[in-house]
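Colleague: Features from Swiss-Prot:
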ACT_SITE  C359  active site, phosphocysteine intermediate
BINDING   D329, C359, S360, A361, G362, V363, G364, R365, Q403  substrate binding site
COMPBIAS  1-10  compositional bias 'Basic residues'
COMPBIAS  95-117  compositional bias 'Polar residues'
MOD_RES   S76  phosphoserine
MOD_RES   S127  phosphoserine
REGION    1-58  region 'Disordered'
REGION    95-124  region 'Disordered'
Amino acid sequence: MSSPRKVRGKTGRDNDEEEGNSGNLNLRNSLPSSSQKMTPTKPIFGNKMNSENVKPSHHLSFSDKYELVYPEPLESDTDETVWDVSDRSLRNRWNSMDSETAGPSKTVSPVLSGSSRLSKDTETSVSEKELTQLAQIRPLIFNSSARSAMRDCLNTLQKKEELDIIREFLELEQMTLPDDFNSGNTLQNRDKNRYRDILPYDSTRVPLGKNKDYINASYIRIVNHEEEYFYIATQGPLPETIEDFWQMVLENNCNVIAMITREIECGVIKCYSYWPISLKEPLEFEHFSVFLETFHVTQYFTVRVFQIVKKSTGKSQCVKHLQFTKWPDHGTPASADFFIKYVRYVRKSHITGPLLVHCSAGVGRTGVFICVDVVFSAIEKNYSFDIMNIVTQMRKQRCGMIQTKEQYQFCYEIVLEVLQNLLALY
């Protein structure tokens, strides 16, 4: 079920949120760690994790062109470094743009829309009423037996102490994982990584083109009750990898991109703005043109619709870009409500190819999204689910998925809220 300037990589292991520090942008050989504060470290390539295997957890069931800035680090709130964003091209870009823009995620009115050529295929408007309805996940079968089983599931979750959840996360941290990071560690690919220790496994990395070129992205397949949920988890594009990113979108026939970060958070650049911000001017690359067709800004996420045109053939593909803008600078959202609605809208929008998800490093918030999306699908189909098992599967396919204990706890909080809201209706 399917569901050109360079920056140095950093490490993301010890970060709480999704980004980290920076070093001297002119130090080509420096790959600072996200666990450090302001001082870059010596390059260390690779991230071998050896330990005991994770133990099974209780199975829960309720069922019988514009080069602007240098992007920044990973999913954590422990790193306080800021990239240099004083580039004149950045200032000139924003000073010269027309008023019809849908670029950086900034504070806006609750509803703002724009369009160059609105059609049924590119309509982006979404009402809060629709989102509220989407958040009310309803199982296929919800008779008295199913409701009773769901209450049992809810009770089991509610009885889990915070310490139990933390213990689960610590077990996940001790998993023995693959150690095949050869592609990401080659000299020609090191500058394509945002962090030196967040690399895709060779076995699950997303290859580009006939030559199987490198991008820091991983295929993630989660199996639950014989159903497979298919994703691409990737880091936020760097200036030098933007065209690679769009190539990946086209080659994998992805019709949805879920972006779970703002471009700048707490003064730190989290992700390079890789899309056109004007309805009148496309973003041009060597092989592709990206057009902004329409956009719609809600209180907590922005919808953009792009047409990506391959210059050699003239073929185009429509892609919906959904950017969640209410994840706080540090920690996790205080309320799960906005994120639940966002995840459900992303799932509703998905049609073809793997669902492409990214934050900054493509592991922390990205992991939370994938985990709860799988659980929501399980609830809809009256399937049992096991959060620890889902995260275990993710980590076997991309290192560090769900980076912090706070993010792991947030998954439980989200699921609890969904189940409580569902049972309250009956």
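A Cβ is built for glycine as well, from the same backbone N, Cα and C atoms used for every other residue.
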Colleague: Quick one: pull the CA-CA distance for S127 (phosphoserine) versus D329 (substrate binding site), whole Å only.
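Modeller: About 26 Å separate the Cα atoms of these two residues.
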Colleague: How far is it from D329 (substrate binding site) to the residue listed as 'active site, phosphocysteine intermediate', counting Cα to Cα, in Å?
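Modeller: The residue listed as 'active site, phosphocysteine intermediate' has its Cα 13 Å from the Cα of D329 (substrate binding site).
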Colleague: Looking at the recorded positions S127, S360, Q403, which one has the fewest other Cβ atoms within 10 Å of its own Cβ?
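Modeller: Per-residue Cβ counts within 10 Å for the recorded positions S127, S360, Q403 bottom out at S127.
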Colleague: Pop the Cα-Cα gap between Q403 (substrate binding site) and C359 (active site, phosphocysteine intermediate) into the table, whole Å please.
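Modeller: That comes out at 12 Å between the alpha carbons.
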Colleague: State the count of C-beta atoms found within 10 angstroms of the C-beta of G362 (substrate binding site), not counting that atom itself.
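Modeller: The answer is 31 other Cβ atoms.
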Colleague: Other than its own, how many Cβ atoms are within 10 Å of the Cβ belonging to G364 (substrate binding site)?
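Modeller: The answer is 31.
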